[in-house]
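Chemist: Below is a structure I'd like to ask you about.
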Amino acid sequence: MSCFGGGPNFCPECGNVLPLPGIPDVVCCPGCSFRIPVSEFSGQEIRSAVVFNPVEQAPVSQDEEDSEMKGPVIDRRCSHCNKEGMIYHTRQMRSADEGQTVFFTCIHCRYQEKEDS
């Protein structure tokens, strides 16, 4: 007694997708022992197609270009221009049991430096 219904492309016993009929006289389900003769598929047209998603090139916006200039501003003196005010962000660059790496960007000259904490 079959448990699944869904058309001739699916195994009625376990619901797996049946392979395309080929040279053998019987189509065997890869998931169970269900077998169906190829003659059951006579008169049916079997088609397959591969459809790829189109590659879209998004234009770079001004927001993405200035993304390093977004974030909290802290009172830290830039070692390049010697002015106060830097933006920072953190990333886990090393193993998980070590501290984060802090990246600083000067809001005046855009000089970047990093500190391993």
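From the backbone N, Cα and C atoms, a Cβ is placed for every residue, glycine too.
Just so you know, TrEMBL annotations are computer predictions that nobody has curated.
For reference, TrEMBL lists these features for the protein:
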type: BINDING; residues: Cys11, Cys14, Cys29, Cys32; note: Zn(2+) 1 binding site
type: ZN_FING; residues: 11-32; note: zinc finger
type: DOMAIN; residues: 74-114; note: domain 'TFIIS-type'
type: BINDING; residues: Cys78, Cys81, Cys106, Cys109; note: Zn(2+) 2 binding site
Chemist: Measuring Cα to Cα, tell me the gap between Cys29 (Zn(2+) 1 binding site) and Cys106 (Zn(2+) 2 binding site) in whole angstrom.
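Modeler: Their Cα atoms are separated by 64 Å.
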Chemist: May I ask which of the binding-site residues Cys78, Cys106, Cys109 is closest to Cys11 (Zn(2+) 1 binding site) if we compare their C-alpha atoms?
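Modeler: The smallest Cα gap between Cys11 (Zn(2+) 1 binding site) and any of the binding-site residues is with Cys106.
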Chemist: How big is the gap, in Å, between the Cα of Cys78 (Zn(2+) 2 binding site) and that of Cys32 (Zn(2+) 1 binding site), rounded to a whole number?
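Modeler: Rounded to a whole number, the Cα-Cα distance is 68 Å.
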Chemist: By the count of other Cβ atoms within 10 Å, pick out the sparsest of the binding-site residues Cys29, Cys109.
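Modeler: Ranked by other Cβ atoms within 10 Å, the binding-site residues Cys29, Cys109 bottom out at Cys109.
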Chemist: 10 Å Cβ neighbour count around Cys81 (Zn(2+) 2 binding site)?
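Modeler: I get 12 for this one.
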